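Copied over from TrEMBL:
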type	residues	note
DOMAIN	1-359	domain 'FMN hydroxy acid dehydrogenase'
BINDING	Tyr24, Arg165, His254, Arg257	glyoxylate binding site
BINDING	Pro77, Thr78, Ala79, Ser106, Gln128, Tyr130, Thr156, Lys230, Ser252, Gly308, Arg309	FMN binding site
ACT_SITE	His254	active site, proton acceptor
Amino acid sequence: MALVSVRDYEQRAYEIVPRNALDYYRSGAGDELSLKLNRTGFDRIRIRPRMLQGGATRDLSCTVFGERYSMPIGISPTAMQRMAHPDGEVANARAAASRSVAFTLSTISTSSLEDVASATPDAPKWFQLYIYRDRQLTEGLVRRAESAGYRAIVLTVDAPLFGLRRADMRNKFSLPPHLTMANFVGKASNIRSQGGSGINEYIAEQLDPALSWEDVKWLIGFTKLPVIVKGILTREDAILAADLGVRGIFVSNHGARQLDSVPASIEALPEIVEAVGARVEIFLDGGITQGTDVFKALALGARMVFLGRPAVWGLAVNGQAGVEHVLDILRNELDLTMALAGCKTIADISKEYVVHENYYSKL
């Protein structure tokens, strides 16, 4: 069967990836209500197309932090990608570079930040950061990212502890023995189950559960790179982040893997755009599976959207070429959506192009 959609890649990946890794990638927290909402949130938004706009071609490019990207689609940080494919994060980053889109490397990657940088020397990359109990180790990661040429630090703020991920508990998740957390040496480089979920045990031992806004201030104070906070779902936190001087906000519920019953990222997006959209760059991840999803998020005020699982599915199926094809599918779908909705450029996509489904029930 030809692979013509992200869903096709997902289904094929389910047949390839070992159960321990597959459940880690695909599962959500608790009863997975928020995991479902990430999808159905997009389904409840309708596009209002405008006709006869005279656009024979579309320009999908966008600029963020002075960097020009081919389209407003990037790759989110996703941990331990060599569980999906031997080339892991390196292949994913090369795919992003080949399509001139943003790539974000996870702190808990199975390829080192230096190896990823060496593989894509001229491509803009961001580094996702967890704050460890050991602040010197944390600062060292940031300094290494700066030296390796990463262009921004994406600080995850919604994971002082990891959420209730029952699939990993049932599987007693461990990183396969031939892999390590490549950015670390010693104890911080291994994820092995001590009886429950190995990743939750690792996070509980290594990360600082007392993470606060003072830590955001600390990070902004010493790094020369733009700081983006990832995991914001409320206007209150968005305002606090903007007041501290962050350059960007990821509206994200961590792939619905942290606290169940939180809103879908797309549901939280409008209030955050309203609160701070004029002050910082707003990004979104969570639930993106097709070009219409990208269009809806842009219409509601996101500057760029990011995807994690779809890139992993492409990686699992066919390495770098699989990720490239996933990106090509999404680009073509977004281009077609823009053509049929009447938008020539990304800047043309505004909130007038979308409404909630309830809009039509009132007619």
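Each residue, glycine too, has its Cβ placed from N, Cα and C.
Since we're looking at a predicted model, the values are computed, not measured.
Arg257 (glyoxylate binding site) sits 12 Å from Arg309 (FMN binding site), taking the Cα positions as reference. Rounded to a whole number, the distance between the Cα atoms of His254 (glyoxylate binding site) and Pro77 (FMN binding site) is 10 Å. For Tyr24 (glyoxylate binding site), the same-chain residues that are 6 or more apart in sequence and have a Cβ closer than 8 Å to its Cβ are Met80, Met83, Arg165, Ala167, Asp168, Asn171, Phe173, Ile199. Shown in sequence order, Thr156, Asp158, Ala159, Gly163, Gly231, Gly286 are the residues of the chain, 6+ apart in sequence, with a C-beta less than 8 angstroms from the C-beta of His254 (glyoxylate binding site). Neighbour count (other Cβ atoms within 10 Å of the Cβ, all protein chains): 23 for Thr156 (FMN binding site). Working note on the binding-site residues Arg165, Arg257, Arg309: by count of other C-beta atoms within 10 Å of each C-beta, Arg257 ranks first. Cβ contacts within 10 Å of Ala79 (FMN binding site), excluding its own Cβ and spanning all protein chains shown: 21. Taking the Cβ of Ser252 (FMN binding site) as centre and 10 Å as the limit, one finds 27 other Cβ atoms among all the protein chains shown.
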